[in-house]
Amino acid sequence: MAEQKTVTFIITRQDSPDSTPYEEIFEVPYRKNMNVISGLMEIRKNPVNAKGENTTPVQWDMNCLEEVCGACSMVINGTPRQSCAALVDHLETPIRLEPMSTFPVVRDLIVDRERMFDALKQVKAWIPLDGTHDLGPGPRMPEKKRQWAYELSKCMTCGVCLEACPNVNDKSNFIGPAAISQARLFNSHPTGEMFASDRLEGLMEDGGIGGCGNSQNCVQVCPKGIPLTTSIAAMNRATNIQAFKNFFGSDNAH
Amino acid sequence: MADQREFFYRRLHSFLGVVPIGIFLTQHLIVNHFAVYGEESFNKAAGFMAGLPFVLLLEIFIIYLPILYHAILGVYIAFTANYNTKRYGFFRNWMFALQRITGLITLVFIAWHVWETRVQIGLGNADLDYSLMEGILTNPFMFWFYIVGVIAAVFHFANGLWSVLVSFGITQTPKSQKIATYACILVFFVISYLGVRTLIQFAYGI
Ligand code: SF4
Ligand code: FES
């Protein structure tokens, strides 16, 4: 029988949030059409590194396995992307896997994206609809608006845009592009619009939209093709107008 | 409500970069360009600017304070970014990095330039005329220092103009942002030409 073909993975590992990262190499049996996650599953099945030593299985995060949840994001050969959508046949070998550097590492390839959820809270990226009685159907949305808003709704909070942003780092408190675009999404919704100013105020808070430096990496790397820089510019305009309304006074400052 | 000071500081920073600093830069290079038409033309134009009423007040409020504010916050902004052009070599990411680098170069250049000209004139050690600049720029090292400084300043202004259009939400669509890029490239070349041409005149008399 011909010798089994293998794929080499070089993985940056870290045993705990505070321990120092190290690299470990694995030779994984090749299968046709395998993706990075199936490679990681092979390692989990047989946690032996390339030197033949027994080791702990590599930890990673995943959920949907079809590029809609964002949980499996990691840096693959230098590019942050979803490991479930990264096909081994399309990658250069050896395949290097690292955790995203913008987020605190929990273990191995698992990072803590909590800052993204804090950012969504800061800009109130939801539609408050609590009531004790039936409010009836909401206002309708123009079809054209629905079309572009739908694009924004594809965000899966994966963190790739934050990873690529030079202004999201531990020296700054910038919330990053994703939440800015989400504020625009919910402000475009006919019911969400009633709380538009709350989201704009959130964007104007420290760490908000003012932290954007227009490097525009986000729009280049977003796996969902979300027009992040258009969203940022739109929210720039909206927050500036809101700031004027707040200062000079306006009946339409809601 | 949490603090919104940062937002205001950043917007003020962007705005001051254009009004008044960018306008001053353009005006300064246009006035200096009179040197190309001869020593007398330059002395007359520079003399007119220096003879404006309340010139010290104008300088303080239109030039020194805005630049000081822009510089201090600018240095902070430059040092809180994680430059990653190696990994993400996109055009705008390069512009982002260059904007911060040219800002720092411009700061060093302006500090030296103001010390060497305005401060010395103020102390009575020098006179504001053609020969002052001629004396500085015939030294080849200073000539190249000025070339780098002027081009950095103009780049910082032209690219800053592009950013301001985004930060104030004027250019939103990718198309409008692209056309703004071309317009800013044009601004860069036109104003750079004015500045460099003047420096050559002072240095080589041609
Ligand atoms: S905007 Fe795109 S890159 Fe950023 S978190 Fe959402 S899906 Fe990921
Ligand atoms: S597992 Fe959901 S995006 Fe990869």
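Every residue gets a Cβ built from N, Cα and C, even glycine.
As given in TrEMBL:
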{"type": "BINDING", "residues": "B:His28, B:His70, B:His113, B:His156", "note": "heme binding site"}
{"type": "TRANSMEM", "residues": "B:12-31", "note": "transmembrane segment"}
{"type": "TRANSMEM", "residues": "B:51-79", "note": "transmembrane segment"}
{"type": "TRANSMEM", "residues": "B:91-115", "note": "transmembrane segment"}
{"type": "TRANSMEM", "residues": "B:143-168", "note": "transmembrane segment"}
{"type": "TRANSMEM", "residues": "B:180-204", "note": "transmembrane segment"}
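Tallying C-beta pairs under 8 angstroms between the transmembrane segment (B:12-31) and each of B:51-79, B:143-168, B:180-204 places B:143-168 first.
Apart from B:His28, B:His70, B:His113, B:His156, the heme site neighbourhood in this chain, defined by C-beta within 8 angstroms of the site C-beta centre, holds B:Ile21, B:Phe24, B:Leu25, B:Ile67, B:Thr106, B:Phe109, B:Ile110, B:Ala153, B:Phe157. Summary: among the binding-site residues (B:His28, B:His156), the fewest other C-beta atoms within 10 A of the C-beta are counted at B:His28.
For the binding-site residues shown (B:His70, B:His113), fewest C-beta neighbours within 10 angstroms: B:His113. For the transmembrane segment (B:180-204), the list of distant contacts is 25-26, 29-30, 32-33, 35-36, 130, 133-134, 136-138, 140, 143, 146-147, 150-151, 153-155, 157-159, 161-162, 165, 171: same-chain residues at least six beyond its ends, Cβ to Cβ under 8 Å.
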